[in-house]
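Here is what TrEMBL says about this protein:
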- 184-250: region 'Disordered' (REGION)
- 184-203: compositional bias 'Basic and acidic residues' (COMPBIAS)
- 226-244: compositional bias 'Basic and acidic residues' (COMPBIAS)
- 254-375: domain 'Dynein axonemal assembly factor 11-like CS' (DOMAIN)
- 391-413: region 'Disordered' (REGION)
- 391-400: compositional bias 'Polar residues' (COMPBIAS)
């Protein structure tokens with residue numbers, strides 16, 4: 001059975017930085033919990049506890065939660081109200097759609113003096129004659145029962161008829177408990193039948209798998225396929241029979257349904273895992289050593305021969321939001337291999353490249369993987385052209401500079417060629433600083 005684990009509580013306590021000792025509210029609904037435990041030790045400060053839609057058969061291990069104000073255990077397999085005396089601050093208790101037939105067990109809630117709201121809708125006890133009167137007369141502190149306010153006149157009337165109502169409730173309780181005993185026996189019988197049938201099926205499968213005669217060995221593959229088809233048909237028939245068979249709504253049938261669904265889910269997972277294991281590995285290199293072009297992830301790509309820079313560029317359109325850690329790039333002299341989430345993409349290159357000088361980057365806009373691979377054969381002519389172009393560009397820059405300098409030389413005199421005196425500095429400039437706080441900038445005065 002599944003119980004409350006520390007890992008589960010910590011995961012559900014994200015709003016409290018995963019700290020459980022100071023936790024005041026936690027929601028553990030729809031977690032398939034079958035036993036309620038540990039919370040009274042780990043989360044002593046709990047005020048609100050949601051446990052609806054689980055498979056809890058009994059209220060237990062919550063008596064030490066002194067600060068608990070609201071407990072929701074709706075849609076569970078609870079048959080009796082108990083073990084809540086220690087919840088001194090309990091104000092609201094939700095037991096909707098359980099299997100409470102022992103209505104007299106509500107007397108245990110007399111100790112919870114702060115209890116104002118109680119929900120018992122959907123329980124067998126609500127069908128008892130005098131149900132509401134009995135609860136109103138038993139729990140004086142209640143203000144609301146099943147979302148309906150308890151009037152003062154209603155309480156007075158319930159107290160007046162209490163002895164008679166109490167006797168009626170006890171009689172109906174006895175009849176219900178006898179019915180429950182029969183249901184439990186029936187559930188036990190059905191469970192045993194299912195177990196025996198399953199064992200018989202397993203034995204027959206083992207008998208079928210054993211080789212009977214050497215003549216049947218050649219048709220073993222056909223026999224396996226036929227066996228698989230028969231098993232699928234049987235499973236479908238069993239599934240249809242299980243869901244169409246009418247059963248009473250009891251804690252046992254609810255648990256049985258859960259177990260059946262869980263069993264089917266596990267069987268599907270096992271089949272899926274076995275298929276994954278049986279899947280043959282991808283052929284990337286043939287037995288003769290020939291490298292194949294493979295695109296298992298089915299991605300768009302482009303291969304560009306950049307002659308100007310003497311390199312080959314691969315643009316692989318990987319998924320935009322794919323984590324880079326799921327990509328594995330392997331560049332070889334004659335081919336490139338990229339593993340995308342374990343699925344290989346392999347491409348034979350038109351020329352030999354340098355794996356050590358290659359680099360792989362992700363585009364920030366498209367998310368594509370761009371792999372740049374320099375070619376192994378260096379082109380000398382390309383280098384000369386490059387150097388010539390560089391020289392040519394240098395010449396151009398020099399000419400441009402001379403042009404610029406020539407334009408400037410028209411306005412200035414070169415003292416190395418001409419011995420003209422510098423007439424620009426005949427008149428001396430004197431700096432006169434202004435006095436006082438108003439004139440802050442020094443003024444240049446020419447005399």
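Residue 1 is the first one shown; counting continues down the chain.
Note: Cβ is positioned from N, Cα and C throughout, glycine not excepted.
What TrEMBL says about a protein is an automatic prediction, not a curated fact.
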| remark: Using DSSP three-state counts, the residues of the domain 'Dynein axonemal assembly factor 11-like CS' (254-375) come to 28 helix, 45 strand, 49 coil
| note | Summed over the compositional bias 'Basic and acidic residues' (184-203), the DSSP helix, strand and coil counts are 20 helix, 0 strand, 0 coil
| Do you know the mean pLDDT across the domain 'Dynein axonemal assembly factor 11-like CS' (254-375)? | 87
